[in-house]
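Visitor: Pasting the relevant annotations from TrEMBL:
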type	residues	note
COMPBIAS	513-535	compositional bias 'Basic residues'
COMPBIAS	558-569	compositional bias 'Polar residues'
COMPBIAS	642-653	compositional bias 'Basic residues'
COMPBIAS	661-674	compositional bias 'Basic residues'
COMPBIAS	675-694	compositional bias 'Basic and acidic residues'
COMPBIAS	695-706	compositional bias 'Basic residues'
DOMAIN	88-288	domain 'Helicase ATP-binding'
DOMAIN	331-483	domain 'Helicase C-terminal'
REGION	508-574	region 'Disordered'
REGION	641-706	region 'Disordered'
């Protein structure tokens with residue numbers, strides 16, 4: 001007990017030691033807490049392709065043809081493990097597998113080779129392996145890998161991911177009509193995306209998953225986050241279709257019932273959330289995770305160290321540069337020209353920003369008379385065009401490839417020497433996937449992040465989340481070396497501004513032509529053509545549109561100031577949103593704040609024009625950033641919108657009333673005219689009768705005289 005001393009009304013406790021609260025350790029399932037640790041050292045490979053005795057000679061020859069002599073560590077662990085699990089008796093279901101390994105560590109071959117190996121003995125083609133990927137680009141690349149290693153075997157692979165291929169064409173590759181057996185499957189392995197898979201499950205007769213043995217989910221964390229498990233729940237219903245809900249326990253049934261499909265999950269940033277993983281319905285799962293040294297996992301230390309840890313290739317060097325927003329493109333151009341960087345992959349946060357940066361680099365290289373091949377990948381390009389650009393980049397025909405985070409997931413770009421993050425990613429997962437595009441398959445790579453003053457705290461949070469604090473060093477460079485590019489930088493900005501004006505004009509013309517095309521057209525016979533037919537014609541004309549390689553798609557660009565040009569895309573969107581396009585009856589009103597909105601609603605003059613038919617109102621370009629001011633501002637604008645609607649309703653009622661009054665007046669006039677006409681007719685008939693009587697009298701008198 002500590003000694004106590006009283007001083008007046010107070011008690012003083014001496015030598016009292018406060019104990020801190022003990023940290024609560026999370027309790028994880030055993031398979032998450034005790035994973036199988038795999039090395040990521042791709043320089044010292046020890047497992048030859050001939051060391052795996054069960055490997056089929058056809059696959060060995062194909063590996064040798066592709067100049068593969070050794071397996072990567074993750075491949076050396078998984079391939080024999082999956083093959084061995086399938087050799088167990090039929091009633092012993094194989095365990096599901098989860099793999100968390102860095103990008104470029106050979107995950108695709110790790111599941112492709114054992115699946116092909118185990119399906120070689122099949123007699124009738126049925127869908128026995130299903131590989132699900134989040135995007136069409138990833139699906140196309142995985143399909144090419146399967147297609148390469150299936151060559152020389154009876155197995156058939158199909159790609160169903162949509163894109164330029166119609167649903168009917170894909171159905172023809174999956175199923176055929178046999179005169180004896182009816183509908184038959186034509187493929188053994190299907191590579192697909194979640195949305196397209198649901199389309200075929202619902203609308204393709206004969207497409208069944210009753211014989212499925214392998215379900216592979218690549219980039220599992222992205223699929224779980226983006227699609228929220230809806231497609232998987234739908235898939236479960238098709239897998240369990242026709243099966244008994246609770247089959248009686250007997251040895252005969254266990255031997256005859258088809259085994260449950262084995263699930264293989266792969267990702268560089270696999271989720272560690274047990275609740276999310278539980279929804280997958282995994283059966284006795286086994287986790288393979290990566291570490292720099294595989295021997296570390298054999299010690300008796302805390303096993304939760306490896307759970308959810310982000311790992312990157314050993315050959316990857318990470319750097320950062322602290323600079324201003326305006327100097328980011330100049331820094332990039334400086335290192336491309338002076339340091340002669342080539343095969344550079346540059347990531348930005350949005351598609352609009354990728355358009356702008358690619359155009360800026362092209363203008364800088366032309367004005368500086370230094371050739372630089374710049375290309376850009378966006379959603380507007382089809383899958384074939386994107387893959388062609390990636391191939392040109394791999395062959396060294398393209399110096400810089402600008403893209404958004406869409407390309408940062410799983411796509412293999414073998415010869416990317418440098419990866420530049422033009423802005424700091426918001427999440428740690430995005431950072432890992434970005435830098436993982438270089439340093440793949442044992443090759444050296446460098447990742448550089450450009451950090452502005454506002455992004456420093458975010459970058460520190462990302463490094464803390466990835467446990468890389470202190471391991472990322474600064475890249476030294478002189479800011480004075482950027483002064484030589486100031487003149488050409490200004491000229492490039494003016495060129496972009498002029499291009500922007502041209503693009504705006506073209507877009508307005510397109511809008512006008514689109515409005516005209518919406519009107520019903522007349523055919524040769526004089527009948528009106530339905531709008532659906534017009535839309536179909538337009539879709540057919542734009543369906544096969546292609547964009548030449550290396551060209552930059554024109555897009556709306558913000559003002560010519562360097563900060564607005566190269567800052568967040570929110571500014572560009574706000575500038576575009578400030579322009580209100582109305583119908584012919586309505587007029588344009590530029591809304592800058594709530595006061596102008598109210599004056600516009602009350603019918604006062606704004607920019608010399610009366611706002612009579614104002615129906616739609618938009619928020620101004622600049623919104624207050626602080627919470628209270630922002631809420632007050634939104635309140636005022638919503639009030640203004642409500643008042644505008646109220647005014648419009650009153651005006652509409654007044655118009656209807658005036659129209660009804662006019663109609664009533666017209667009816668009254670018509671009635672009066674009819675009455676006047678009837679009176680005139682009566683009077684005219686009376687006059688005629690009187691004249692006839694006079695004539696008769698005169699004729700009588702003449703006769704008497706005669």
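Please read every residue number as a count from 1 along the shown chain.
The backbone N, Cα and C atoms fix where each Cβ goes, and this holds for glycine too.
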Visitor: What else in the chain is close to the compositional bias 'Basic residues' (661-674), if you only count residues 6 or more beyond its ends and a Cβ gap under 8 Å?
Guide: none
Visitor: Given the model, what does the mean pLDDT over the domain 'Helicase ATP-binding' (88-288) come out as?
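Guide: Mean model confidence (pLDDT) across the domain 'Helicase ATP-binding' (88-288) is 83.
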Visitor: By DSSP, what is the split of the compositional bias 'Basic residues' (661-674) into helix, strand and coil residues?
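Guide: Result for the compositional bias 'Basic residues' (661-674), in helix, strand, coil order: 14 helix, 0 strand, 0 coil.
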Visitor: Summarise the compositional bias 'Basic residues' (642-653) by DSSP state, stating how many residues are helix, strand and coil.
Guide: 12 helix, 0 strand, 0 coil
